[in-house]
Amino acid sequence: MARKSLTSPEISPATLSLVLLVVLLSSSAIHAGHDYRDALRKSIMFFEGQRSGKLPPDQRLRWRRDSALRDGSSAGVSLHYLLLSFPATFRHSDFAFFTNFQVDLSGGYYDAGDNVKFGFPMAFTTTMLSWSVIDFGRTMGPELKNAVGAVRWGTDYLLKATAVPGVVFVQVGDAYSDHNCWERPEDMDTLRSVYKIDRAHPGSDVAGETAAALAAASIVFRKRDPAYSRRLLDRATRVFAFANRYRGAYSSSLYHAVCPFYCDFNGYQDELLWGAAWLHKASRKRVYREFIVKNEVVLRAGDTINEFGWDNKHAGINVLISKEVLMGKAEYFESFKQNADEFICSILPGISHPQVQYSRGGLLVKTGGSNMQHVTSLSFLLLAYSNYLSHARKVVPCGELTASPSLLRQVAKRQVDYILGDNPLGMSYMVGYGQRFPRRIHHRGSSVPSVSAHPARIGCKEGSRYFLSPNPNPNLLVGAVVGGPNVTDAFPDSRPYFVQSEPTTYINAPLVGLLGYFSTHSSWR
């Protein structure tokens, strides 16, 4: 396959080692150490603050209340559609007394500081929470139970969103209506419009990611709840088949609803490979291995290898599949390992690709909004790959540099430490961790008085005074990691600067795995 070459200026091993050392150790102050176990606990607790629907009795963030309980009630699925589309599955006699199904889409997660449920980033969040548990769950101690619970909150919703064959409900809430208001989710009166993809309006990107999430989660529950695991895997199989058969980008089918918020700028091809990779890992079926090998070039597995996030899965695909190569089980996937090696070289300090920078304080920086999503996702891949390399007793050749598993772990740990406070501002970018952290995050529920503190309804525009207030948020969204500082290490602790002050579920999901590992392996080596 054609692969992009990564070029960099000639640099001596001694100079390169110095550059790496400076970036790894640079900080306004070197802290004695961090309580990674506490940070792990809080990073998982954040997801409870993002819950939509009926909250369980063991809800730990008590300032939240039930919300959006009627989501999906406006999205009836017609009997006519089901009978025409799936005659072998549904019969007229099954629906003698019904003309429409009412869809229950309560539950799931709000993606960030608003009250919309976007299916694409929610599915990616669920995939990464599952991968965190699969690779690092054994080091999470008592927090493993909560991490698994966070996965299940996501998959319970995704099962609802995929309950109708040939349909995936991909969004609840009109983003324009929602963003025109500043109100807590418990008071929502904005449009709860429901958007779906189907055969006539395909969305292989969001369907492929949903299949990946369900397949990955089936591994999490394989021994914990075998019946639930089988249900997840069966649904993943069906959703992937739908995504592959009816190819297209959901941004084309639902442009005015999903863009510019979660437009798929990268195309749907990577999600098909990503979904197949997780289904192969979960099912071990030959059909998915053959799909990956056959479609590697067609679906551009080697493209943009230093990208990984809710929109671009390329680096994740290569790292995930490479594990089998490093374990000596899949020589036919060798090109994916080559891509993974190039990915590693493309983000290391001193030799990184021009699209990857490091601030003077040592933070990995990429162009675009919410930089911490890149920091946590790419650091997760560094750590996962370092473990795969360690077990295989391998290193990554990067020109004159040999990148050992230890080096990869050091780079990943440096990013985690930056988030927790080892940075020029001496600020933790996780709410509730450390003495100094963001107090005015861009988050409706956190910034508006809670229902217990202010039982009366706070309307759409009434909340504006809280958005504009210079006061700290009244409700701590414990564990939330914000978009973070820019390339100059500057950070405005201000709600209007949403690119830097807004938390997201897909920032925290990979961080759960990172913190799980470092809570047990806190030394540099």
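For all residues, glycine too, the Cβ spot is worked out from N, Cα and C.
Database features, via TrEMBL:
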type     : residues : note
SIGNAL   : 1-32     : signal peptide
DOMAIN   : 36-515   : domain 'Glycoside hydrolase family 9'
ACT_SITE : H442     : active site
ACT_SITE : D493     : active site
ACT_SITE : E502     : active site
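Of all the active-site residues listed here (D493, E502), the one with the fewest other CB atoms within 10 A of its own CB is D493.
Averaged across the domain 'Glycoside hydrolase family 9' (36-515), pLDDT for the predicted model comes to 93.
Less than 8 angstroms from the CB of H442 (active site) sit G113, V482, R495, P496, Y497, F498, S501, E502, each of them six or more residues away in the same chain.
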